[in-house]
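Here's the structure, in structure tokens; my notes come after.
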Amino acid sequence: MEHQEKNMSLVRLRMDLAYDGGGFHGWARQPGLRTVQGCIEHALSLITGARKSDGEVSHSQVVWEPRLVVAGRTDTGVHASHQVAHLDIPEVVLEACRGHMGVDGVLALERRLRHLLPADIVLLGLRAAPMGFDARFSALERTYLYRVSQGGRPGDPRMRGYVLDLEGSLDLEAMNEAAVECIGLHDFGSFARPNPGGTTIRKVKAAHWDLVPTVNLFGVAPEQSAVGYLPPFMESGLTVFRIVADAFAHNMVRSLVAACIQVGLGRRSVQWFADKIAHPLREGSTGPIAARGLTLEQVAYPPDDQLAERAQAIRARRTL
């Protein structure tokens, strides 16, 4: 199979996605488990004829198996408002996707894929990738949000799968003092699962806690419609952590959130948090918090003419 793929002319496609992570065992394909990557690749296989639904290779088609490369491999239960992946597909397979649709192969594949994907995965867009594009290594930065409902306040039930319910009140000033310690190039070994052969050094560009203003649903003026105003209502009164970095180590965001909350509840000091940054050592007190409050919000890329250079630079190992 690999030999045949090497001798085929391939087209790289960029895929923009959103998904509700509650029903998935993370992004990465795992035998016997429902994952985001597994669902998308299975749908691609059905569309292209690369595999029959029973898993047998269809020898009447080009021998090709879809494999996605993603910007950020989200864990079990983590959501994405904007995820990016790329796919290398043989030109002949892409052309065959047209069928009798009367459109180009990329648009035909996009339409067919939207039809087959489950309701908890949304294909935001599919297009030919520019030269040098790599969904993982070309990315400039990723932005994550973590949403918390504190103090036992009643929240919008539509957000129940995307928010951590927390008893007690948080000291946002102390939490932001801790969050500042994250900014810059650091070894986040205290807040990430060990990565044999890799590194836990990352560059955090921004990290901040905010309290979303409380919006009174019943205070909407009679001439206004609530339609189109749902996001403010749904996030009303929530405490939200926003963090931006070039990339994130495994469990890093949820572990940072857990530690910040310990500070916010008065159980740990800002100095304790700063010491964990300065002296990376993984321990139970800095383990990850529940996944459901975490969402990959955005993945950003440089201009097209800088994509290849960016990918080459990021492949180099990070050092302090």
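Even glycines carry a Cβ here, placed using N, Cα and C.
Predicted, not measured: the structure shown is a model, and the values here were computed from it.
So that you can see what the record holds, here are the features copied from TrEMBL:
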ACT_SITE  ASP75  active site, nucleophile
BINDING   TYR144  substrate binding site
DOMAIN    178-302  domain 'Pseudouridine synthase I TruA alpha/beta'
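For ASP75 (active site, nucleophile), the Cβ neighbour count at a 10 Å cut-off comes to 19, with all displayed protein chains included.
A gap of 13 Å separates the Cα atoms of TYR144 (substrate binding site) and the residue listed as 'active site, nucleophile'. Around the Cβ of the residue listed as 'substrate binding site', a 10 Å sphere holds 25 further Cβ atoms from the protein chains shown.
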